[in-house]
Amino acid sequence: MNFDNLEREDEQIAHLVQKEKERQENSIELIASENFVSKAVMEAMGSYLTNKYAEGYPSKRYYGGCHVVDEVEDLARERVKKLFGAEHANVQPHSGSQANMAVYFSILEPGDTVLGMDLSHGGHLTHGSPVNFSGRLFNFVSYGVDKETETINYETVRELALKHKPKLIVAGASAYSRIIDFKTLREIADEVGAYLMVDIAHIAGLVATGLHPSPVPYADFVTSTTHKTLRGPRGGLILCKEKFAKALDKNIFPGIQGGPLMHIIAAKAVCFKEALEPSFKTYMEQVVKNAHVLAEALESYGFKLVSNGTDNHLILVDLTNKDITGKDAEILLDSIGITLNKNTVPNETRSPFVTSGVRIGTPAITTRGFKEEEMKEIASIINDAIKEKDGDLEPLKARVKALCAKYPLY
């Protein structure tokens, strides 16, 4: 992209943008929630649409001059409904957290009981963490993973639901590497008369391409971000049954947001169009293949994988047997050009600022073109770095740079 105007107007920011570009180009990005957008998505984000205020919804705006952005939003809504087979879509949420908040406000009252996945077992802040608005406003009861299998025990979820009678059951996760059984969760919700919301922020790309079962036939509400496996701009979206559309829309605007970001909604529309192409399914298939190969390679070096593997795009690694914390592993690997994040593991004994594990994802490196052989090399580099953490890391930096040079960012 051309940054001539930025360089003229603000050298400091232009310099930092260039530095970040170089960091991305010369690093192996393994953060499971990150990806690289297409140039088309980036151009939409930087378009004239950023100038337009458009409170309200298409044909029901509080400002004039919205006829063009109405078409943009309509395109985004229709494309995402087609992508997921949904009855209604709202593409205005600025983030996944705000998408979840809008759903809660649509059907809950403060103090209502909700069943959600424990953050330390792979859930998300907005699924009831006490430090988040969700845990502060509502009475969340947490379910986790089974101590032995490290996967969701649906019978335990059923028992909790029967005991606590939640008004809403929240499914989905930010660090769970296995298939989620939405049909069974729907059955549990029906047993206790609860709504079902599924947060597919991490697996949206897999759901869209049929590589993970879709929650849309079972859930009352489905929320997501657009910037992880969907490979779009940073933002959120909500899908729901038509009967909830009116309540949902008014809880986005005027409920928790004012004007939508029309340049981001345009970029969302572009990413939905890209996701409808056959090439996107090919991409997502490679994401999953890469995750499987990387997981197997890490296991061959003695790394303990939570639930012993992965069905999706991410791997949760328990480093307890490697004599290193998640925090120290993150810092160590960052120093050689591999970016990932420390992460709690089931039955965590350390602080969330230290952790016993790391989370690894393959969407971003797959976008660059990395395939199975590169996964084996990445696993080897990670193993060598942790094994030689107090030694000379320069040869490992060179191996990272060699991989990055083979697959340019853009």
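Glycine is treated like the rest: Cβ placed from N, Cα and C.
Quick look at what Swiss-Prot lists:
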type	residues	note
BINDING	Leu119, Gly123, His124, Leu125, Ser351, Pro352, Phe353	(6S)-5,6,7,8-tetrahydrofolate binding site
SITE	His227	site 'Plays an important role in substrate specificity'
MOD_RES	Lys228	N6-(pyridoxal phosphate)lysine
### Task
Report the member of Gly123, Pro352 (the binding-site residues) whose C-beta atom has the most other C-beta atoms within 10 angstroms.
Gly123
## Note on the structure
For His124 ((6S)-5,6,7,8-tetrahydrofolate binding site), the three-state DSSP class is coil
### Task
Can you grab the distance from Phe353 ((6S)-5,6,7,8-tetrahydrofolate binding site) over to the residue listed as 'N6-(pyridoxal phosphate)lysine'? Cα atoms, rounded to a whole Å.
23
### Message
If you pair up every Cα among Leu119, Gly123, His124, Leu125, Ser351, Pro352, Phe353, the residues annotated as binding (6S)-5,6,7,8-tetrahydrofolate, what's the maximum separation in angstrom, rounded to an integer?
### Response
16
### Task
Enter the number of other CB atoms within 10 angstroms of the CB of Ser351 ((6S)-5,6,7,8-tetrahydrofolate binding site).
10
## Note on the structure
His227 (site 'Plays an important role in substrate specificity'), Cβ-centred 10 Å count of other Cβ atoms over all protein chains shown, is 25
### Whole-number Å value for how far the residue listed as 'N6-(pyridoxal phosphate)lysine' lies from Gly123 ((6S)-5,6,7,8-tetrahydrofolate binding site) (Cα to Cα)
16
### Query
In whole Å, how far is Lys228 (N6-(pyridoxal phosphate)lysine) from Leu125 ((6S)-5,6,7,8-tetrahydrofolate binding site) when you measure between their Cα atoms?
17
### Task
List nothing but the one residue from His124, Lys228 whose Cβ has the fewest other Cβ atoms within 10 Å; the candidates are the recorded positions.
His124
